[in-house]
């Protein structure tokens, strides 16, 4: 069973879409292994997105991700990383396929509702950023 990390971003929380997005995730066959509501500081957002430090959008991304509460979650499913990326759609909601999370709920490329890990390796790294081993308990059945 593969795992991936998602973050329901501050715009998702602000628009009161947490339940709708989690419903879509669960209906797609994902199991929520761990979940918490938290607020990132600019420092923690910067550390999480450090891979983008040299990109022109880094400052705006950090500012946005620290603008309000977010909901990181570890999800589990066969082929979790790839399937979740398909479920959420393209980064830019204008380019996302119909029915995807971003097409349904996102306003812009910058405020696009949800983060999803882009590889199994990054999913493990990102999951450990938010959750301890004890919090990321194995789901049975």
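Note that the numbers count up from 1, one per residue, in the order the chain is shown.
Glycine residues also receive a Cβ, built from the backbone N, Cα and C atoms like all the rest.
Among 27, 102, the residue that Swiss-Prot places alongside 9, 57, 85, 91, 112 at the ATP binding site is 102.
Within 10 Å of the C-beta of residue 57 (ATP binding site) we count 12 further C-beta atoms, all protein chains included.
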